[in-house]
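Engineer: Features from TrEMBL:
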ACT_SITE  Asp12  active site, nucleophile
BINDING   Asp12, Asp14, Asp175  Mg(2+) binding site
Amino acid sequence: MTNFPFATIGFDLDGTLVDSNLDLLPAMNHTLELAGRSPLDYEQSKRIIGGGTREMLQRALLHTGGPIAETEMDALLEQHFTYYEAHLADNTVPFDGVLATLDNLRERGVRLALVTNKIERFARKLVEALDMIHYFDCVIGGDTLGPGRAKPAPDMVREAIGRCGGHSNFVMVGDSRFDVEAAHAAGVPCVAVTFGYRDRPAEELGADRLIDHYDQLIPALEQL
Ligand SMILES: O=C(O)COP(=O)(O)O
Ligand SMILES: [Mg+2]
């Protein structure tokens, strides 16, 4: 282990490590069609990803005509999951520089945790399909800890710290308010990528540092 300032880094998945909107959007549009709604475009869907699938679909429905009853929502969500599970790695790719950065961090002995509001099973399936699973010491999804404990609650970050050896020198890397709020609620810093998915300007996320490309991540972490 070099004198790198962080023992563990928690990475968000959607919009941070991978451009998964390339598969989330077609899945969402498939589901909107089932509900008799019009499709969203790539930029619209970027603004509604981050709080888990149910919230994403609720927001998609709000944008396209209004909410539906909770019972209908449960059925629609199931259909959405079936479609997305079959297509989650059709088009999704890591953002530029991600793999080289993760290689570099592993070589430094840094532990990496995947801390995503995606359902754990889908997150694992996606990073396996992209041959990225080997980077992570643990995978914590939005359903891993049970209801009410997904980001922006601090629980997933605390769980990642615990599962990666309990070292408090932990930093979160994310793209949305869910990541920044979860990190800060857990008492750790957060670096945000400016190219991800969010519902407000990057400058308004409250992140400790912003990066525009993965080339900037390690220098940013060294300056935190
Ligand atoms: O599934 C989501 O809504 C977001 O997932 P993320 O936490 O990896 O951005
Ligand atoms: Mg994200």
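All residue numbers here begin at 1 and follow the chain in the order shown.
Backbone N, Cα and C define each Cβ position, glycine as well.
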Engineer: Around the Mg(2+) site formed by Asp12, Asp14, Asp175, list the extra residues of the same chain whose Cβ is within 8 Å of the site's Cβ centroid.
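Structural biologist: Here the non-site neighbours turn out to be Leu13, Gly15, Thr16, Leu17, Ile49, Gly50, Thr116, Gly174, Ser176, Asp179, Val193, Gly196, Tyr197.
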Engineer: Identify, in sequence order, the residues in the chain of Asp14 (Mg(2+) binding site) that are 6 or more apart from it along the sequence and have a CB within less than 8 Å of its CB; answer 'none' if there are none.
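Structural biologist: Sequence-distant Cβ neighbours: Ser20, Asn21, Leu24, Ile49, Gly50, Thr116, Asn117, Lys118, Asp175, Gly196, Tyr197.
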Engineer: Please identify, from the recorded positions Asp12, Asp175, the residue with the sparsest Cβ neighbourhood, meaning fewest other Cβ atoms within 10 angstroms.
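Structural biologist: Each of the recorded positions Asp12, Asp175 was scored; lowest Cβ tally within 10 Å is Asp175.
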